[in-house]
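> Before we start, here is the structure in question, set down as structure tokens.
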């Protein structure tokens, strides 16, 4: 009997040791990836491949199987994410070119007033960030934020930080963005649950990294907030007449369409 317990305890120690090795390999891989991209400016895709090879070697994988494993992993992920990229780009283009983004931003700003411009920008960016990729949202909203900052006579950073914070958290935490969808697939998580718990994290994160951080930054780096906007640096800023753009309700509905489609899977929580 003692021998059985001893063997079980030894197996537990071996499992813990292997888990520690896996964790260490993961940490080294992340550091290696950051060094390749930030320090040596190597293409992101190439850096990911090199990091995958290094991580596989650290985990003791057979060298003859590394290439096939990477090929299978990349192929399966790209296959699952292709629809996300495709429909996400189409929906974002639809919201942007039809004037929906402009309508959401201007309507919320009018309703919130000048005293709550930060909250209006953050909320508009959060809604649009669900449908738009981060880069698309930045390109689309920066001219609007510049124009509002000039009209309201406030520093660009005063509004820009809240915009960037909202776009960042939606891109990082909420499906149907590629990263949350990919992680959900790897972990076998339900997209509806990921969306629900992502909102629980994303909303406070946007508030903390947006308006609250702006107040802190103004206190410790006041000179950064002395710069005012210059619309001429952006070139021609596209605007829409009320008759040209869709209604506010339709614009919000279109932006939240992915959330509505995934809402059915949340019923599994019950």
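Numbering starts at 1 and runs along the chain as it is shown here.
Cβ atoms here come from the backbone N, Cα and C positions, even for glycine.
TrEMBL does not curate its annotations; it predicts them automatically.
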> Out of 156-174, 175-193, which range is noted as transmembrane segment by TrEMBL?
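Going through 156-174, 175-193 one by one, TrEMBL flags 156-174 as transmembrane segment.
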> Excluding the flanking five residues on each side, which residues at least 6 beyond the ends of the transmembrane segment (45-63) place their CB within less than 8 Å of a CB in that stretch?
21-22, 24-26, 28-29, 32-33, 36-37, 69-70, 73
